[in-house]
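Peer 1: Dumping what Swiss-Prot says about this protein:
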{"type": "BINDING", "residues": "H83, H182", "note": "heme b b562 binding site"}
{"type": "BINDING", "residues": "H97, H196", "note": "heme b b566 binding site"}
{"type": "BINDING", "residues": "H201", "note": "ubiquinone binding site"}
{"type": "TRANSMEM", "residues": "33-53", "note": "transmembrane segment"}
{"type": "TRANSMEM", "residues": "77-98", "note": "transmembrane segment"}
{"type": "TRANSMEM", "residues": "113-133", "note": "transmembrane segment"}
{"type": "TRANSMEM", "residues": "178-198", "note": "transmembrane segment"}
{"type": "TRANSMEM", "residues": "226-246", "note": "transmembrane segment"}
{"type": "TRANSMEM", "residues": "288-308", "note": "transmembrane segment"}
{"type": "TRANSMEM", "residues": "320-340", "note": "transmembrane segment"}
{"type": "TRANSMEM", "residues": "347-367", "note": "transmembrane segment"}
Amino acid sequence: MTIMRKSHPLMKIVNHAFIDLPTPPNISGWWNFGSLLGLCLILQILTGLFLAMHYTSDTTTAFSSVTHICRDVNYGWLIRYMHANGASLFFICLYIHIGRGIYYGSYLYTETWNIGILLLFLTMATAFVGYVLPWGQMSFWGATVITNLLSAIPYIGQDLVEWIWGGFSVDKATLTRFFAFHFILPFIIMALAMVHLLFLHETGSNNPLGIPSNCGKVPFHPYYTTKDFLGAILLLTLFMTLVLFFPDKLGDPDNYTPANPLNTPPHIKPEWYFLFAYAILRSIPNKLGGVCALVFSILVLALLPYLHTSKQRSLSFRPLSQTLFWTLVSDLIILTWIGGQPVESPYIIIGQVASILYFSIILILMPIAGLIENKMLKW
């Protein structure tokens, strides 16, 4: 078997990626989230495939087909809630994974980091088009509001929106194409995740100390296969608890009402994992400015490798930067809360302050803190 895994062309790829891969001996539980994201992706593709077998992408039958899945299909309710809550789980793991990358300076592997940002954009696009498919009130109005943002683009905006809609409003054509996008995008994400891994394995993993660990690396199997397996069991336990006991906790009650173009919900808002970006969008009174801020709130991550001023890679021994990092985490939680609140005082001003703080920490305060820490260490 040993000879085969080292000589067979297919087995060799698996061997180099998951068995004999040299891995730092001191990577913590925060490094588990990469493999957990892979698990979430497989889970989403499998549950999605079974849902697609029963779903119909037509405005007249989409809502009732989802109801049919929950009521008449054997274990359909379980598959549907696993898929819906699996998206939330995916984004929890994704945000922790990005947070770990920022904390430990993993963004200095620029190719891996940039592909990761592209993966984040694709995942957000997949989640958005997927949220439209049940054709409930929030699905319809969410699709209308978010796609309408593109009309802020000068000259081509309105044409672009109508092109995406396939008409003059969100209708049958929109739903059909969104279903097609939602089906194909996860496979593109899977292919990109392979490229993400390919570039990661070119450089090797970073570690909590942020220093080279070539002299002490250990094989991935059995150490990290066991660790990842334990992480997967813990994650699935939490996930199934959520699915079986609190299936609607993270959803919107408005989505249990069929889409009605003549009745606008009192508060149109996306799923909870987009609320931070939605709050940034709403905090700018100008439409084009809001759209630019929304895109830049994610795109700003691509600037991190160029804003790294510290002589140390990780934040493990940098108290000033650590304080700023946890302030950023708190700020994102506040933005998420604000995104779900109505547009009225005091939420407007809180959202604006939190948005300014978000960009200030990343673009100004973190680089300055790095320089101050260098001075403190006389570097």
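Numbers run from 1 along the shown chain.
Just so it is clear, glycine is given a Cβ too, placed from its N, Cα and C backbone atoms.
Burial and contacts for the listed features, if you can.
Peer 2: Listed in sequence order, the residues of the same chain lying 6 or more apart from H182 (heme b b562 binding site) and placing their CB within less than 8 Å of its CB are G48, T126, V129, G130, L133.
Of all Cβ atoms in the protein chains displayed, 21 besides its own lie within 10 Å of the Cβ of H196 (heme b b566 binding site).
Of all the Cβ atoms in the protein chains shown, 14 others lie within 10 Å of the Cβ of H201 (ubiquinone binding site).
Counting only same-chain residues 6+ beyond the ends of the transmembrane segment (113-133), those with a CB under 8 A from a CB of the stretch are 55, 57, 62, 66, 87, 90-91, 94, 98, 101, 106-107, 139-140, 142-143, 146, 170, 174-175, 178-179, 181-182, 185-186, 188-189, 192-193, 195-196, 199, 270-271, 273-274, 298-299, 301-302, 304-305.
Proximity of distant same-chain residues to the transmembrane segment (178-198), defined by a Cβ-Cβ separation under 8 Å and at least 6 residues beyond the stretch ends, is recorded for 17, 37-38, 41, 44-45, 48, 52, 55, 57, 112, 115-116, 118-119, 122-123, 125-126, 129-130, 132-133, 143.
When Cβ-Cβ distances below 8 Å are used as the criterion, the transmembrane segment (288-308) is approached by residues 98, 102, 105, 107-108, 110, 113-114, 117, 120-121, 124, 149-150, 152-154, 276-278, 280-282, 355, 358-359, 362-363, 366-367, 370 of the same chain, each at least six residues removed from its ends.
With a cut-off of 8 Å between Cβ atoms, the residues of this chain six or more beyond the transmembrane segment (320-340) that come close are 99, 102-103, 267, 269-270, 272, 274-280, 282, 310, 347, 350-351, 354-355, 357-358, 361-362, 365-366, 369-370, 372-373.
Within the chain carrying the transmembrane segment (347-367), a Cβ under 8 angstroms from the stretch's Cβ atoms is held by residues 279-280, 282-284, 293, 296-297, 300, 303-304, 307-309, 321, 324-325, 327-328, 331-332, 334-335, 338-339, 341, all 6 or more beyond its ends.
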Peer 1: Where H201 (ubiquinone binding site) and H97 (heme b b566 binding site) are concerned, what is their Cα separation in Å, rounded?
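Peer 2: Checking the Cα atoms of H201 (ubiquinone binding site) and H97 (heme b b566 binding site) gives a distance of 17 Å.
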Peer 1: Quick test of the contact rule: Cβ under 8 Å, at least six residues beyond the ends. What residues does that give for the transmembrane segment (77-98)?
Peer 2: 30, 33-34, 36-37, 40-41, 43-44, 47-48, 50-51, 66, 69-71, 116, 120, 123, 127, 130, 235, 238-239, 242-243, 247, 250-251, 271-273, 301
Peer 1: Using all protein chains in view, find how many other C-beta atoms are within 10 Å of the C-beta of H97 (heme b b566 binding site).
Peer 2: 20
Peer 1: How far is it from H97 (heme b b566 binding site) to H83 (heme b b562 binding site), counting Cα to Cα, in Å?
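Peer 2: Pair distance, Cα basis, whole Å: 21 Å.
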Peer 1: Taking DSSP three-state, what's H196 (heme b b566 binding site) in: helix, strand or coil?
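Peer 2: DSSP assigns H196 (heme b b566 binding site) to helix.
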